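Participant: Just passing along the structure, written as structure tokens.
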Amino acid sequence: MGLADASGPRDTQALLPTTQAMELRKRDYHMERPLLNQEQLEELGHRGSAPRTHQWQTWLQCSRARAHALLLQHLPILVWLPRYPVRDWLLGDLLSGLSVAIMQLPQGLAYALLAGLPPVFGLYSSFYPVFIYFLFGTSRHISVGTFAVMSVMVGSVTESLAPQALNDSTINETARDGDAARVQVASTLSVLVGLFQVGLGLVHFGFVVTYLSEPLVRGYTTAAAVQVFVSQLKYVFGLHLSSHSGPLSLIYTVLEVCWKLPQSKVGTMVSTMVTAAVAGVVLVLVKLLNDKLQQQLPMPIPGELLTLIGATSISYGVGLKHRFEVDVVGNIPTGLVPPVAPNSQLFSKLMGSAFAIALVGFAIAISLGKIFALRHGYRVDSNQELVALGLSNLIGGIFQCFPVSCSMSRSLVQESTGGNSQVAGAVSSLFILLIIVKLGELFRCLPKAVLAAIVIVNLKGMLGQLSDVCSLWKANRADLLIWLVTFMATILLNLDLGLVAAVIFSLLLVVVRTQRPHYSILGQVPDTDIYRDVAEYSEAKEVPGVKVFRSSATVYFANAEFYSDALKQRCGVDVDLLISQKKKLLKKQEQLKLKQLQKDKKLQKQAASSKDTSVSINVNSSLEDMRSNNVEDCKAMVSPEDRMEDATASGQEDSKALDVSTLKALGLPQPDFHSLILDLSALSFVDTVCLKSLKNIFRDFREIEVEVYMAACHSPVVSQLEAGHFFDASVTKKHLFASVHDAVTFALQHPRPVPDSPVSVSQDLWPAKLFFVNLLLVPTLARAPGSLSLWPWRHPQWAQCFPCCLWIKLFLGAGVGLCPLETDWSLPSSAPPRSPDSDCAATCLRLCTFEGCDRAPLRSSSPLDHLQVLPRRPLHVHTHNSGMEVLGLQVQCSRPGTGDCSQAGTGWVQGGNWYMF
């Protein structure tokens, strides 16, 4: 019954007309929650430190289960072989292994020539590494063995070292010719490559290949294909070229081919070209036929094997070697060679090339392995793949193999012919072993031009990557730049230096792209809490009075300065110029203050000599000095007439030397926004430079009376801010909000802060304006400007409670200056009388009002009695952006009597003799 009831609304909604269903989907999305800053969010979500896991601790653990897990991890054949479904997979693996072996035979012979080695060593490299990978590899479909890119990289190394090493003591003295020297260099190189790969795999550095991006790898393999093509021209034309290595070796080779073509024998060149052309045409036709009949054929037609057999038969029958001087493979020894230790004295010369070959080989293997794993639904362990490939090269190097990787063409054949596991690779290696032991000598009459044709035809896929230029031009110009730089660097600098240059350029491009990210001012999409770039979204509008700034990249040492500059530029305010002008005006103001201070000192001396009651209290003095002044003032009694005369005189002096630091009072333009919000959602980490940059942003914008907030910070970034001691009294977690909308809402509720104005100014504070003062600003003694002129006055009604009250004139809109704080700051009217001695130090602030202003003031006959400040519970103190300390205080104002308060200004609430605002 419950299921029927639950399905009822769904069925009803399914029967609704299309328009009604669309209306249901268009219903507004409502969510109500409180406005959250980081402090409130941590309290609400009970934030704690995330548990840290140290992987190295698990590596050091030793137990039977740990040993068994390590054995299964590094020898995966023990995992999959016991579960191997013989009936389902064995036939497909046998056919697939045979098909791959048929391709591996000619490619091994051809790629050995590409590496500058005798062809039989290509067969060795097609057996030992393949069988080792069968034991340790995790990919079921890649075909490990000789590969064109790896072979040409090995060839560049052997060509550069073997000729020089013939007369070098580092080469084994028993080597009789250049081939033996090249074999020794190639096998030693393979051992080094294997050591690098195994070492990186054991320390879980498989991620290092991620620095080889896909455009970089494709550009590199395309350039390598061009290198391979050029290297095979000498076999196609039957030329004998000198070896070239290092930068511009490709250019030198092409120039030498063009130079020697007219000088070669016409008969030899024509016969060699015809042999290569016929073999190439046959291979292309067979490949096209395989593509067309792919669905009908159980396995591809072995075009390469048929070409080898046909070319060998024709060469042997016609006598191409003796009649037309066509180069042939020559003697291929049967049987396996014994293991040979690598020449350790060559390690220093091969170190750089070995590391580059190790990275390139692993990058090609893991990229193909992940493609097939994703297609067939299994997982490839990148670290174990690195170990397996390294062991293949390490053990293969001991048996005189050259470095190998996996071939894309053979891997596709292995998958398409029904290969399901690593058994297919084992079958292909055993077939190659049979050829090495018994059938290798049958191919001694095979023309090298045929092997060159096989290599060139198999370059079709890599040379087809030239079309990446058009696709990347449309998709991503930065990736196109990486592709082009990699291609040109590899062509001009050779394979090893080209790879280094390509990696360095791609990493520098990442840095440059983070240095110049996209900066934007965000606006609110109407009726949503979503904020988008106003330059891209025409309906996104900036919130009045609030600027929201976002960077598309994280802020760190390389782009922190650009971030600050872009922020100031996008806000439309020349912050640095405004601060500079403000400092110049304040400096002039300080000079006026010094003059005023000197004048006040003269007045003090005159007042002391004439026993006047006017005193001057320096704000920079200590609280004890101020209290002592109050005690002394309690002993002096003055008349109201003298008090009013002193107040008028003080007002005239104050008007001559204004002590105002606001932009408006200084005559400087004010920004059209009162709050700045930094959207930090793109930050993934922060460094010390970023922390200082953010601090400077807070400081600079507060100087121009703009409050700064941060929003959408991730938890790891918040932890880094805490670790860097970013939060303090001036920038707290209350300035960091959970989302941009939270910050905008808070900024709208708290517009432009109370200006940083001195307390002793020439204008009067009217009650109507006093209504807006809800915070008490207390100048920090270290930054308080000038002095405050105060007049002691004793009201008859408050003689017992407040023996020493102070009367002060306040600036329009300024904060309220507080005299020395006491535990009992004020007393209500019902308080019992106190003796003057017991409460002599208690102080209060007096407000003076005059007639003749724009608003109807209080009558001078009934001035404001005093200003009372009461601390809120609990009392919170923090530093305001104006440089003043903000106390959460409740301010009250009173008049004697209960007369009409209608002229006291809007917003007053009558409550007996006290009026709260």
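Keep in mind that glycine also has a Cβ here, set from the backbone N, Cα and C atoms.
Copying in the features that TrEMBL gives for the protein in this structure:
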- 536-747: domain 'STAS' (DOMAIN)
- 109-136: transmembrane segment (TRANSMEM)
- 183-207: transmembrane segment (TRANSMEM)
- 269-289: transmembrane segment (TRANSMEM)
- 301-319: transmembrane segment (TRANSMEM)
- 350-374: transmembrane segment (TRANSMEM)
- 386-405: transmembrane segment (TRANSMEM)
- 417-437: transmembrane segment (TRANSMEM)
- 449-466: transmembrane segment (TRANSMEM)
- 481-512: transmembrane segment (TRANSMEM)
Participant: Between 0 and 100, where does the mean pLDDT of the domain 'STAS' (536-747) sit?
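Facilitator: On average, pLDDT over the domain 'STAS' (536-747) sits at 79.
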Participant: Would you call the transmembrane segment (386-405) and the transmembrane segment (417-437) in contact, using three or more Cβ pairs under 8 Å, pairs 6 or more apart in sequence?
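Facilitator: No, the transmembrane segment (386-405) does not contact the transmembrane segment (417-437).
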Participant: Tell me, please, if the transmembrane segment (417-437) and the transmembrane segment (481-512) are in contact, taking contact as 3+ Cβ pairs under 8 Å between residues separated by 6 or more positions?
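Facilitator: In this chain the transmembrane segment (417-437) does not contact the transmembrane segment (481-512) - fewer than 3 Cβ pairs sit under 8 Å.
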Participant: Below 8 angstroms Cβ to Cβ, which residues of this chain, lying six or more residues outside the transmembrane segment (269-289), approach it?
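Facilitator: 235-239, 261, 301, 303-304, 306-307, 310-311, 320, 324-327, 447, 449-450, 452-454, 456-457, 460.
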Participant: For the transmembrane segment (183-207), which partner among 109-136, 301-319, 350-374, 449-466, 481-512 gives the most CB pairs under 8 Å?
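Facilitator: The stretch with the most close Cβ contacts to the transmembrane segment (183-207) is 350-374.
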Participant: What residues in the same chain, six or more past the boundaries of the transmembrane segment (350-374), come closer than 8 Å to it by Cβ-Cβ distance?
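Facilitator: For the transmembrane segment (350-374), the list is 138-142, 144, 147, 149-150, 153-154, 156-157, 161, 185, 188-189, 192-193, 195-197, 200, 206, 208-209, 212, 214, 217, 220-221, 380, 382, 385-386, 389-390, 393, 403-406, 408, 411, 415, 495-496, 499-500.
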